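Residues annotated as substrate binding site in Swiss-Prot, with similarity to another entry given as evidence: LEU43, CYS44, ARG45, HIS107, ARG108, LYS123, LYS130, ARG131, GLU132. For 138-163, the entry in Swiss-Prot reads region 'Disordered'. Annotation comment: Swiss-Prot describes 151-163 as compositional bias 'Basic and acidic residues'.
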Amino acid sequence: MDGQPTCPLSISVRSEDFDIAAEIDRIGKNRREIGAIVTFTGLCRDEDGQLAALELEHYPGMAQAEISRMAKQALERWPLNGLTIIHRYGLIKPGENIVLVVAASRHRHAAFEAASFLMDYMKTNAPFWKREHLADGTAGGWVSSKEEDEESRKRWEEPRKSE
């Protein structure tokens, strides 16, 4: 499916938090052709009450370039009218935002698929590394990638039915 080369695209890799409502407004304000805006917000979670913070490290130029590459693939696959991707780095506490994907399109299917595609690829391909900082003051280990994340990404590599 042809992407729209004039689609507004915003990619940010930063330490500062983001305002989800402001990002939705930025992509959709005064845009009457948009019929759907899908957002995904990834949060830092503490599954067992032991996590004080998650430290995200990255290669500055490489992270932005890889996310841009993934965004361009999404724009080629789905007819999007706007796309915003924000990924944070640094020390992030449980409950705080880590990543935001806002995908806008004329129809919901394209927006949902693009957001899902981008998250599946960012979980496995974006050059970010996570290390736990525990509530008792000790440094936890590096967080390994999960097999289910790899499986989710692989589904996008399978031949697609017409969309």
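Backbone N, Cα and C atoms are what each Cβ position is placed from, and that goes for glycine too.
Features per Swiss-Prot, on structure.
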| residue | record | CB count, 10 Å |
| --- | --- | --- |
| LEU43 | substrate binding site | 11 |
| ARG45 | substrate binding site | 10 |
| ARG108 | substrate binding site | 13 |
| LYS130 | substrate binding site | 18 |
| GLU132 | substrate binding site | 17 |
ARG108 (substrate binding site) - helix vs strand vs coil (DSSP)
helix
In the three-state DSSP scheme, LEU43 (substrate binding site) belongs to strand
Return one of helix, strand or coil for LYS130 (substrate binding site), based on DSSP.
strand
